[in-house]
Amino acid sequence: MKTKHNKNHIKFAILAISSVLMASMIASAILADISMSYPSADPSLIQMIMTLPSLMGMIFAISAGPLSGKIAKKIIVLVGLFSAFTGGMLAYLFGGLSIYVLLLSSALIGVGQGINSTMSMALIADYFVGDESSSLMGLQSAFVNGGSMVIIFISSLLARLGWKSSYLIFLIFIPIIVIVMKYLPNDPPIQQQESSGEKGKLNGTVYFTAVVTFVFATLMFSFATNVAMFVVNNGLGDATTAGLANTLMSAAGTVAGVIYGSIKKRLKDTIIPTAILLAGVGLLLINIVGSIASVFIAGALIGFGLSLLMPTAMFIASSAVTPAMSANAISLINGASNIGMFVSPFILNPIVNNFGGGESFKFLLCGTALIILSIVAFVGRSKFNTSVDAK
């Protein structure tokens, strides 16, 4: 299957899909305007416009893998793209009628986000092997981060015409749907071989990588959920300043994705411990220094580390199993990351509150825990040595 298709066309389709994976982020810039349009709406409902895509994405990121064993990946990808496009257009055309229309829109966008976050990586595992596969996974991460920055920038310009106009950015899904229909092969699901042995099922390598990914995501996400409050409460700036820190996080992630291939060749099986260490140092830097410069540096380190860890984890998981199980392995890693970010506040806040700490203490706690996790990952790095013979 890997030799009878034009690989450049497949790469083009995969990267096109990846560039719009974070389209749901446009809501972050217009929540205040939406709140003014619905003054009687419960604030939690307004916030759900932002959080619902993450919840739906988590569910469908996990379910997309097993589903691909029964339905062609091209069909699943198109369903995801159409779902997100429909959600965006629904918000643009009817978002002013009811807050519940916007919630439905966010749910549909989240479905597409979850499906294709798994499928974009699963397609790479299907059609590419070895260094080519891992390098493309890194480039995919760069397109996710770069696409996110471009989408947020353009949607913020469109918002000047009214908050509903921000959703016009979803028109970009039309050419991407065309690209996928034209260039992505419609191969049937890969069938599992009965003699596959250990690689014919999710194994210790996959589960160890998933656990490391979950813990990393839980701790790392403390930056995104607390940086704005830390900046404002310590008089370091305002929401715009905090937004710049998050932008630097995406920018560093884009850079990491572009040069991922060369970094992986140098670091080899220490790339995951190194990625975790970078994020841990970033969080500790905020606690120790506490300046706005330390916040910006932390954002860059965390973004860089995240974009090193995720494609590596996906590659390790997909290489540890047969082609028929690679999508399931990737969906588990993707799900572990999404679940970790989703439960992060629920796990960290009670612990920090029990010690009477604030954001700075939370960064100290998470930074220290990440350093420990990097040591665990280093000791267990033999689990990250997988062959691709079965692929």
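Using the three backbone atoms N, Cα and C, a Cβ is placed for every residue, glycine included.
No curator has checked TrEMBL annotations; they are predicted automatically.
Remember, it's a predicted structure, so these values are computed and weren't measured experimentally.
Per TrEMBL, the features are:
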- 1-385: domain 'Major facilitator superfamily (MFS) profile' (DOMAIN)
- 12-32: transmembrane segment (TRANSMEM)
- 44-63: transmembrane segment (TRANSMEM)
- 75-94: transmembrane segment (TRANSMEM)
- 100-124: transmembrane segment (TRANSMEM)
- 136-159: transmembrane segment (TRANSMEM)
- 165-184: transmembrane segment (TRANSMEM)
- 205-232: transmembrane segment (TRANSMEM)
- 244-263: transmembrane segment (TRANSMEM)
- 270-289: transmembrane segment (TRANSMEM)
- 295-317: transmembrane segment (TRANSMEM)
- 329-348: transmembrane segment (TRANSMEM)
- 360-379: transmembrane segment (TRANSMEM)
Leading contact stretch, 44-63, 75-94, 270-289, 295-317 vs the transmembrane segment (205-232) - CB distance under 8 Å: 295-317
Recorded stretch that, among 12-32, 100-124, 136-159, 244-263, has the most CB pairs under 8 Å to the transmembrane segment (165-184): 12-32
Selected stretch (most C-beta pairs under 8 A with the transmembrane segment (100-124)) from 44-63, 136-159, 270-289, 360-379: 44-63
Region pair the transmembrane segment (329-348) / the transmembrane segment (136-159), three or more CB pairs under 8 Å: no
Dominant neighbour of the transmembrane segment (244-263) in 136-159, 270-289, 360-379, by Cβ pairs under 8 Å: 136-159
Averaged pLDDT score, the domain 'Major facilitator superfamily (MFS) profile' (1-385): 89
